[in-house]
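Since the structure comes first, as structure tokens, the remarks are kept for the end.
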Ligand code: NAD
Ligand code: MG
């Protein structure tokens, strides 16, 4: 491999994306210098990640775990810090490349810090872009930073994209349809947590797995695509493709469609962002189309998956609506994972919040945080009533 040596930071190092990222990085110790790895509460996972990657810093968000983490890393020379501010500080330290793989809006400030430092950010954390898309994209320009999409669909579009919007007719995001693709709405009402987090093609963190089951994940991805590629909402489309081999497509005005394909393994899009603008070898499975036999496609069903309709409306409305939708969804998914509400209740809650909670458009990051916090409080307070309605 002929890549230049670069310093890297992995935010959310103990998660599914964080693990896949470190798996690639650790295979190339001569190319990647790990500056910082971070996690929420999992000190054992973080200490292992820091040791394996020979990181300079390990930062845990939960301050109560500082001493325990320090104990686990004693004698290694790895510096230890704790707290959300410590993560933001390390994220802004100016490493060449940062993986943004914290889940939820908690990842927003570290991303902004890395962008302000003018580095390259590989973005997995779609919730941050959904809530603060315009502000984040402005920061990329203002600070000469680079934002590369990790989400498999957006990474696929990025690989097929041409920046001249006049050449593009449509962007088509593929959706696996999730574990309940063939279930009736009635069946989904009784879906359990275990069933919801068992994705047919991709092993992922619990939050995004539930989002895939409700298909809110695809809704968030529409908004993510709008910001990343600067296209009008009407140019974005979804097709269900259960095999997850075509990761997305770009339709050009002349009738050509470019699609990016590969086995469903997040290390492929992550490697693309790690090596960009080069490419690097990975140990991932190769595509064998003859073995697969066929690829199938379906229209998305907005009746069984109301999240698609809800997110589309937020995509067109913009302003505070995506912030509120994301906040309500994060709260409702957490409530489902704790078995406080049922699976179909997740979208009932999100829809109720969007119908009743209003906020002016956010002008800056403080506004985004204020709307997010109020919308979370509102959702939590009205959770039971929304479910009972
Ligand atoms: P995960 O739950 O497996 O990992 C989340 C990581 O974030 C963990 O390291 C955790 O410690 C950290 N974290 C959680 N809350 C935090 C907080 N409050 N402060 C600091 N750190 C915190 O999730 P994942 O599946 O790896 O997904 C991460 C992000 O990537 C999500 O935004 C998800 O939508 C996106 N994404 C994931 C996949 C996938 O295949 N897993 C694909 C596309 C996009
Ligand atoms: Mg995706």
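Keep in mind that glycine also has a Cβ here, set from the backbone N, Cα and C atoms.
Please treat TrEMBL annotations as automatic predictions, because they have not gone through curation.
Just so it is clear, the model here is predicted, and its values are computed rather than measured.
Database features, via TrEMBL:
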DOMAIN    8-133  domain '1-deoxy-D-xylulose 5-phosphate reductoisomerase N-terminal'
BINDING   14, 15, 16, 17, 41, 125, 127, 205  NADPH binding site
BINDING   126, 152, 153, 176, 199, 212, 217, 218, 221  1-deoxy-D-xylulose 5-phosphate binding site
DOMAIN    147-229  domain '1-deoxy-D-xylulose 5-phosphate reductoisomerase C-terminal'
BINDING   151, 153, 221  Mn(2+) binding site
DOMAIN    261-377  domain 'DXP reductoisomerase C-terminal'
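In the three-state DSSP scheme, residue 199 (1-deoxy-D-xylulose 5-phosphate binding site) falls into the coil class. Each residue in 126, 149, 152, 154, 155, 173, 217, 218, 224, 225, 248 lies on the same chain as 151, 153, 221 and has a C-beta within 8 Å of the C-beta centroid of that Mn(2+) site, without being one of the site residues. Secondary structure of the domain '1-deoxy-D-xylulose 5-phosphate reductoisomerase C-terminal' (147-229) per DSSP (helix as H, G, I; strand as E, B; remaining residues coil): 44 helix, 11 strand, 28 coil. For residue 41 (NADPH binding site), the nearest neighbour among the binding-site residues 126, 153, 217, 221, judged by Cα separation, is 126.
Of the recorded residues, residue 17 (NADPH binding site) and residue 221 (1-deoxy-D-xylulose 5-phosphate binding site) place their C-alpha atoms 17 Å from one another. Ranked by Cα separation from residue 199 (1-deoxy-D-xylulose 5-phosphate binding site), the binding-site residues 15, 125, 127, 151, 205 are led by 205. Sequence-ordered, the extra residues of this chain that approach the 1-deoxy-D-xylulose 5-phosphate site, with Cβ no more than 8 Å from the Cβ center of 126, 152, 153, 176, 199, 212, 217, 218, 221, are 151, 173, 175, 208, 211. Cβ environment of residue 127 (NADPH binding site): 103, 104, 105, 107, 108, 220, 326, 330 lie under 8 Å away, each six or more residues apart in the same chain.
Within 10 Å of residue 126 (1-deoxy-D-xylulose 5-phosphate binding site), counting C-alpha to C-alpha distances, fall none of the binding-site residues 14, 15, 16, 205. The separation of residue 151 (Mn(2+) binding site) from residue 15 (NADPH binding site), Cα to Cα, is 15 Å. On its own chain, residue 153 (1-deoxy-D-xylulose 5-phosphate binding site) has 173, 174, 221, 225, 247, 248 as residues at least 6 apart in sequence with a Cβ closer than 8 Å to its own Cβ. The sparsest Cβ neighbourhood within 10 Å, among the listed binding-site residues (41, 126, 199), is found at 41. Residue environment of residue 125 (NADPH binding site) contains 27 other Cβ atoms, counted within 10 Å of its Cβ in all protein chains. Residue 14 (NADPH binding site) and residue 151 (Mn(2+) binding site) are 18 Å apart (CA-CA, integer value). Cα to Cα, residue 16 (NADPH binding site) and residue 217 (1-deoxy-D-xylulose 5-phosphate binding site) are separated by 16 Å.
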